[in-house]
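K.L.:
Next up is a structure, given as structure tokens.
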Amino acid sequence: MLSIINYIREFLRPHWITTFFTAKTAPLVTPPHFRDFPELTDKECTHCLACMMICPAPEAITVVKREEIWRPEITKGHCIRCGLCIEACPEDVLTSGRILAYKKEEELTLQGTFHIEIDQSKCMGCGNCTVACPVNREIDPALRSSGTSTSDEVIMRVDTGQNKVLHEEKCTGCKTCEESCSNGAIRVARIVEALQGGEK
Amino acid sequence: MNKYLYEKDLRQMKLIILESRRHDAVVLELAATLGIKRQQLRKILIERSDMMFLENLPARCDVAREAGDDTERLLGIPLLTQAFCLISKEDGVLIKEQYLRRIQDGIKHEAAVSEARMEMMELIRS
Amino acid sequence: MKKTVDISLPVGPMHPCFKEPCRIKCETRGEYVLAAEVELGYVKKGIERIMRGRPWQEVMFLAERVCGICSVIHNFVFIESVEHISGIVPTERAAYLRVIVNELDRMQSHLLANYSYCYTIEHETLAMYLLNLRETVMDQLELITGARVTCAFIVPGGVRCDISSDIADELRSALDHIDAELTRFIRIFETGPLIGLRSKGIGILTKDAAIESHAVGPTARASGIDNDQRSTHPTYTALGFSPVIRQEGDNFARIMVRFEEVFQSIRLIRSALEAMREGPIRGGGTIKAGSIRYRGEAPRGELLYELTTDDYGRILEIAIQTPSIPNIQVCAHAMLIDAQSAADITSIFISSDPCIACTER
Ligand code: SF4
Ligand code: SF4
Ligand code: SF4
């Protein structure tokens, strides 16, 4: 009995009756705060590779040079829309939802230090990683064609059949080397810190 | 174990469950108390239990470790009866009583434990 | 398992009442259930293996993907366990924001669980009402974090973003709306004679059986077990948390515990909004080496992360024990036994809020 009264009360509410007769599905709109795939703003990318460093999905973002300017490109099938690249980019090149706005307002940054580990028992000295590394190629253009380099300034180079790390501090943690190694011998540990405020 | 293809397929999946880290630890623990090899215990478990039960083994063991008195824990009876459900609770009590009787009769500790193990294995196999 | 009779009634792998695939094999005499087994293996992900060797910023997203319904808590427990290893303490505002997002997630999960129960006992009207109400909660989650599921809101030392006073106001009014609506729905649920027929005294879980199988969450709390990891969490104790417990242990009690926990979550969010003061939301800090066993309270119960990290903050070893594992097990081996009709099999199973995705991580 109580149940029937409850149902009658439920269906006699003015709100219920009005919505019953004027039922209409609201149009499907993407709310402005939705965290979608990152999009480019008109700011200039400086090729610092912070976005590639933070990205958790393999090969979701790559920074490429098109028509003489660097630009990050997102592979939509790989990107998981986490929005970390937007927070990490120091130049505000990327945007999505309200991430860019709150990042600026609250001065949020993600910063990391990196450590390269090469498993010498797996490394066969092919030099794939040294060629692929975008920092290496900036420093020594000769590396665009071969894995050996005469420059002492590069991050790593193949020397007497072994890959040697020379300047770990120059690494930006972009993981390109990991992805290009066919043996999984090189691993870059990215120790990232989530910070707020202008310090550091 | 019957011969349906479906049941056969499950063996692989059950083994994968038992190989994961926490499951492996509890299987090793019980295998040590029973004095058998880990592979033997895995075989028994795969034949006896369904997959959901195997998944839940570590949690059940966490509870069972706190149950029972010192003698029972020494023989691993709470694990066997309560967590793994390999022998019934009554049998567990029986084994404990027999073990205590043997100790009273002056049988050495190790011998009594190994006798209890034998009995438990027999119960599991039957 | 040893067969007692040779009639075995399979339910699943695909069943209209199940959200995810799993197979229940029931041994029945007539419609009376003698024993039941659950077989899995349709959606195994092997996510623990993928996590190994990765830093927190990758594992955090993988952890969320263990379970699509209660994703926030996986993020929460994973980040808090690495924080405990490295001695990082989140800032005060961040701690409250974590509670707010986590409780919103719990509300939507409980509403979804009760939706599927109502759907299973064929009360589709109430089911759709609850599902509609869940959308309000999902909208709030999206407003705060930018995504409905897999929010990725919690990072070591803090959270991803702050909430402005506008968002807080919107959240408060949404909570009022949910409060009012849900009170009506619960009245319908509690007084419905047919609902009572399908729920009261069905699928009883005794306290002993629950303890033996380490049942957790609402399933255990409906059987009178005081087990809620939130009562030891510092932020929750500061908000004056005390668990919801019922004694009956039947389907009805489990659903009511979830309904009451939704109200409790509303209260927690309100008091967190009150208690929150302006301040930083991120404290920084890097992950160090160590190992830990850390528990948190997911919507379905206690979630355990056991992990080891190396000097560079990468995960070396990880084992996740999700709450659905003990709950589904106790459901199959204790609750389903003695079910009087085959129709009760699904309703009992759904009332334990099974999540196959997180069982087969
Ligand atoms: S949104 Fe996330 S997944 Fe997508 S490109 Fe940026 S960092 Fe990578
Ligand atoms: S982080 Fe920003 S500036 Fe740096 S490479 Fe990426 S898009 Fe360019
Ligand atoms: S992560 Fe590898 S490819 Fe990228 S900068 Fe460092 S060494 Fe070069």
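Keep in mind that glycine also has a Cβ here, set from the backbone N, Cα and C atoms.
Curation plays no part in TrEMBL annotations; they are all automatic predictions.
Bear in mind that the values here come from a model prediction, so they are computed numbers and not experimental data.
Copied straight from TrEMBL:
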BINDING   C:Glu48, C:Ile320  Mg(2+) binding site
BINDING   C:Cys67, C:Cys70, C:Cys355  Ni(2+) binding site
BINDING   C:Cys70, C:Cys358  Fe cation binding site
DOMAIN    C:124-282  domain 'NADH-quinone oxidoreductase subunit D'
DOMAIN    C:287-361  domain 'NADH-quinone oxidoreductase subunit D'
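Help me understand the surroundings of these features in the structure.
P.N.:
Neighbour list (C:Glu48 (Mg(2+) binding site), Cβ cut-off 8 Å, at least 6 residues apart, same chain): C:Ile318, C:Ala319, C:Ile320, C:Arg361.
DSSP assigns C:Cys355 (Ni(2+) binding site) to coil, not to a helix or a strand. Other Cβ atoms within 10 Å of the Cβ of C:Cys355 (Ni(2+) binding site), summed over all protein chains shown, number 26.
Packing around C:Cys70 (Ni(2+) binding site) is summarised by its Cβ count: 30 other Cβ atoms lie within 10 angstroms of its Cβ, all protein chains included.
Confidence across the domain 'NADH-quinone oxidoreductase subunit D' (C:287-361), taken as the mean pLDDT and rounded to a whole number, stands at 85.
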K.L.:
Taking the Cβ of C:Cys67 (Ni(2+) binding site) as the reference point, list residues of the same chain whose Cβ is under 8 angstroms away and which are at least six residues distant in sequence.
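P.N.:
Looking at Cβ-Cβ distances below 8 Å from C:Cys67 (Ni(2+) binding site), excluding near sequence neighbours, one finds C:His74, C:Ala298, C:Thr322, C:Cys355, C:Ala357, C:Cys358.
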K.L.:
Indicate whether C:Cys67 (Ni(2+) binding site) is helix, strand or coil by DSSP.
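P.N.:
Where C:Cys67 (Ni(2+) binding site) sits, the three-state DSSP reduction gives coil.
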K.L.:
Show, in sequence order, which residues other than C:Cys67, C:Cys70, C:Cys355 on the same chain lie with their Cβ within 8 Å of the centre of the Cβ atoms of the Ni(2+) site.
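P.N.:
The surrounding set, listed in chain order, is C:Val66, C:Gly68, C:Ile69, C:Ser71, C:Ile73, C:His74, C:Ser109, C:Ala298, C:Pro299, C:Arg300, C:Thr322, C:Pro323, C:Ser324, C:Ala357, C:Cys358.
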K.L.:
Within the domain 'NADH-quinone oxidoreductase subunit D' (C:287-361), count helix residues (DSSP H, G, I), strand residues (E, B) and coil residues, in that order.
P.N.:
26 helix, 25 strand, 24 coil
